[in-house]
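Visitor: Submitted below is the structure of interest, expressed as structure tokens.
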């Protein structure tokens, strides 16, 4: 049987052929307690109940950076297998223009294809400098951008599904900066038990020092809109062997095992993606 081909419309071909920017231009919480009339039974049960300290502020206020008002959007696009190359070409033709246009308060942080994990998937990370007002300003302007609307129409024909989240960055991580390649990237996603985000952040604020010797720490984020109590840690490595050696080295450092001991019970589900950057990605 002949392989399926991704049919590219004339409109999409026009987008491909428009001038592209040069590569150099892209450069926590709740508390749970059980009480009983039987004081002895209550005391005994309290030994086994995981307590989380009550907080007076939202975890987004306590954990995010105070000196910036950056908001991030992460997009996951599941692409028809026969359309992945065309999807990448279309993306590389259009998205850099938004990144470079100063009229749009948004910038590309990274663009990847998933190598190990969900196949035929693209992941995009955007930064909105100015928080929610910047996001809304950008969205309103895009409604009147004919080229972007044409791009979305063509892109929709290539997708099986898509989803996104709005994120804030942890205060103890460095802000993601463009980096030269070649690198592979690992996106480790943790779905936490509700009410444990503060505890997660406190432990990682102490533990991040064990994971910075090879400059592998790129960024750390937690969800605000979309699926909640989700954490994303983004790492960069030269290759898979470097990843293994770097992670093994962390286990030889006193204190890293303690972080794992205290954070593992907070996790409901975790996932790892190994990703390859697209040509337009500022993170190479």
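FYI, residue positions are counted from 1 along the chain as it appears here.
The backbone N, Cα and C atoms fix where each Cβ goes, and this holds for glycine too.
Annotation comment: Swiss-Prot describes 65, 66, 73, 80, 143, 146, 191, 193, 279 as N6-acetyllysine, evidence class a large-scale study or a structure entry. Sequence annotations record features per position, and here Swiss-Prot assigns phosphoserine to 129. Residues annotated as N6-succinyllysine in Swiss-Prot, with a large-scale study or a structure entry given as evidence: 146, 193. Per Swiss-Prot, motif 'SIFI-degron' is recorded for 2-15. The transit peptide feature in Swiss-Prot is assigned to 1-35.
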Visitor: Including all protein chains displayed, how many Cβ atoms other than that of residue 193 (N6-acetyllysine) lie within 10 Å of its Cβ?
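Guide: Other Cβ atoms found within 10 Å: 16.
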Visitor: Which three-state DSSP class does residue 146 (N6-acetyllysine) fall into?
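Guide: In the DSSP reduction, residue 146 (N6-acetyllysine) maps to helix.
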Visitor: Nearest to residue 193 (N6-acetyllysine) in three-dimensional space, by Cα, is which of the modified residues 73, 80, 143, 279?
Guide: 73
Visitor: Given the modified residues 73, 191, 279, and counting only Cβ atoms in the protein chains shown, which has the most within 10 Å of its Cβ?
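Guide: Checking each of 73, 191, 279, the winner is 73.
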Visitor: How many neighbouring Cβ atoms, not counting its own, are there within 10 Å of the Cβ of the residue listed as 'phosphoserine'?
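Guide: So the Cβ neighbour count for the residue listed as 'phosphoserine' comes to 12.
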Visitor: How many Å lie between the Cα of residue 146 (N6-acetyllysine) and the Cα of residue 279 (N6-acetyllysine)?
Guide: 24
Visitor: So what pLDDT does the motif 'SIFI-degron' (2-15) average out to?
Guide: 66
